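Annotated features in Swiss-Prot:
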type	residues	note
BINDING	CYS347, CYS407, CYS410	[4Fe-4S] cluster binding site
Amino acid sequence: MAKTLYEKVWDAHIVVAAEGEAPIIYVDRHLVHEVTSPQAFSGLEVAGRKMRAPEKTFATMDHNTSTTSASLDALSPMARTQVQTLERNCKEFGVRLYDIHHKNQGIVHVMGPELGITLPGTVIVCGDSHTATHGAFGALAFGIGTSEVEHVMATQTLRQLKAKTMKIEVRGHVAEGITAKDIVLAIIGKIGMDGGTGYVVEFCGEAIEALTMEGRMTVCNMAIEMGAKAGMIAPDATTAEYLKGREFAPKGDNWQQAIAAWAELKSDADATFDATVVLQASDIAPQLTWGTNPGQVVAIDQFVPNPAEETNSTVRSSIEKALEYVDLSAGTLMTNVGINKVFIGSCTNSRIEDLRAAAVHAKGRQVAEGVKAIVVPGSGLVKEQAEAEGLDKIFLEAGFEWRLPGCSMCLAMNDDKLEAGDRCASTSNRNFEGRQGRGSRTHLVSPAMAAAAAVAGHFVDIRKPY
């Protein structure tokens, strides 16, 4: 029987599939951070349980850490308690921890892949909604709740219902300057923020195959923003080249065996999907969101939509509400929208490729007057590589702030927040009301678009001189 990539990985991980019950699947890798793990560890303590396989759990500090200082003194009392609790729990239960002083510390969805913790064909979970990032490697990766975190710790399994399958094919090749972020925003714009609900999405097509692993991670990272359970991309030579030699990747004979096994991790030619979506890559322009969800997105050369032109009353009301919150007028050309904050970072766009793309637009220029722009590498390894390439100097000379790794301004949980009324060009993944701070306005863009906005003081079409 022909199978999709998702079905192959799913079937290989079923432990028990009793009739009339949700199957129990095995979990290969469990990633944890300081925010969603304390209650889970506490639950184990109360029940007197040990972890089933502590060597398969990896922990880092990222959500509530400071990006200006590696000192605990720089943290709020709540954040300090969270990181200290994680440190204590990891020590007690024997979990490998990348704390704020570790050279490999970083955002969990950046750190995991770059260390080779993320591998094709595995099931990966984390108490974080953007766990789908790891699907870029052909893994089945999805976010779980805190009670499920405890369950995985105790049993290394989860009870899960099988999802429907969706194929999203991006045919042909994108124009120069069009990035993975533009591709995934265009996809979300086409199917909407709930178009993938109930599905595991497989991204494919020439435009997807041409992406680097960094780009593929950006695409899968935002699968959740279209409502999908997970996003996956079949592993190939690009995947193997990225993983080869990384700390937790297979070595020696095991590597050759892994390569052979990974070659089978692709949807069969005659496999059927429950839904199929097709985009033409050549139609994709630089994208940016105008409203309060990732599906409210347009191309840079387009206008803020007019709710009066929308025939669906529910959609019309949503547009009106979003326009009121973001304080934009219908019909405004997006290149006329000014910004006063820029955030380059997050688990969506804080890898070395992202920083290189942003640096191209920062080099030899200056951040516009009245604009504050920060660059936050996704991990210690990304920061180290960027500094070896001199990217930090490019940003600093242009007036950007160069920070320590962490989730930072993606969410209003740490000290990196926007003020009410701020308008931010952000490379993150969510532009919900208050996501970056109460009353803040977020426009999701690629790293190149964010850096260009920083120096121009407004959004620009990076395909043209500015």
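Quick reminder: no glycine exception, Cβ is built from N, Cα and C everywhere.
The structure displayed is predicted, hence computed values, not measured ones.
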Local Cβ density at CYS410 ([4Fe-4S] cluster binding site) - other Cβ atoms counted within 10 Å: 29
Neighbours of CYS347, CYS407, CYS410 excl. site residues, C-beta within 8 Å of centre, [4Fe-4S] cluster: ASP62, HIS63, ILE107, HIS109, HIS130, GLY345, SER346, THR348, SER350, GLY406, SER408, LEU411, SER428, ASN429
Other C-beta atoms that fall within 10 angstroms of the C-beta of CYS407 ([4Fe-4S] cluster binding site): 31
